[in-house]
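Taken from Swiss-Prot as is:
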type	residues	note
ACT_SITE	Glu80	active site
ACT_SITE	Cys143	active site
ACT_SITE	His167	active site
Amino acid sequence: MSRILLTGFEPFGGEKVNPSELAVKQLEGKTIAGLEVVAGVLPVVTVKCIDEAVKLIEKYEPVAVLNVGQAGGRVELSIEKVAINVKDYRIPDNEGNQIRYAPVVEGGPDAYFATIPVEKIADSLVEKVIPASVSYTAGTYCCNEVFYGVSHYLRNNKPGVLNGFIHIPFILEQAAGAKPPRASMPLEVIVKGLEIAVEVVAEGLEK
């Protein structure tokens, strides 16, 4: 059976949980639209985040890769269109590195577009009454770094493998009692949204 790799991240920035980790773990081992879901958790550490993602790709040999990350402040699922070759951390990573104005890959292309059907995923989520839209900025932190690094690796080593990135909001337990108030989404809605995204990716693979 063909596999799709979903990755989340460990908690960072003082948070006790990372909803991306929780969400991908809930889908791990399931079969969705004929694809076996395999999953992994990436460190929020420059370079190591890409290295771990590549190890998972080489281990599982998926037909598609969907990286997922927390974006506090977003109010919906953001289906990312483009990864840029920039690292500019507003906060340190989990090993204290605060990279400024550096490339993800020295000499690499300025950007990579997602190869999953970004617009169709966003439209399908909205049709299923899950707030979502296409996003044109994945930031300049570890999420974008992984999105770019995975894109670069796949284009150069496994060009037939589809990939993309989805940013998700905080979950309720991160928002309850927060000052100032935080936007949030129930974890079960996020999980359902990712399941729909996998279904759309699977449809694209069949064509």
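All residue numbers here begin at 1 and follow the chain in the order shown.
Keep in mind that glycine also has a Cβ here, set from the backbone N, Cα and C atoms.
Small disclaimer: the values here were computed from a predicted structure and weren't measured.
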(request) Sort out the sequence-distant neighbours of Cys143 (active site) for me: same chain, 6+ apart, CB within less than 8 Å of its CB, listed by position. (result) Phe9, Asn67, Gly69, Ala71, Phe165, His167
(message) When DSSP is mapped onto helix/strand/coil, what comes out for Glu80 (active site)?
(response) strand
(message) I want to check the contact list for Glu80 (active site): same chain, sequence separation of six or more, C-beta distance under 8 angstroms. What comes out?
(response) Ala114, Val118, Ser135, Tyr136, Thr137, Ala138, Phe147, Gly164, Phe165, Ile166, His167
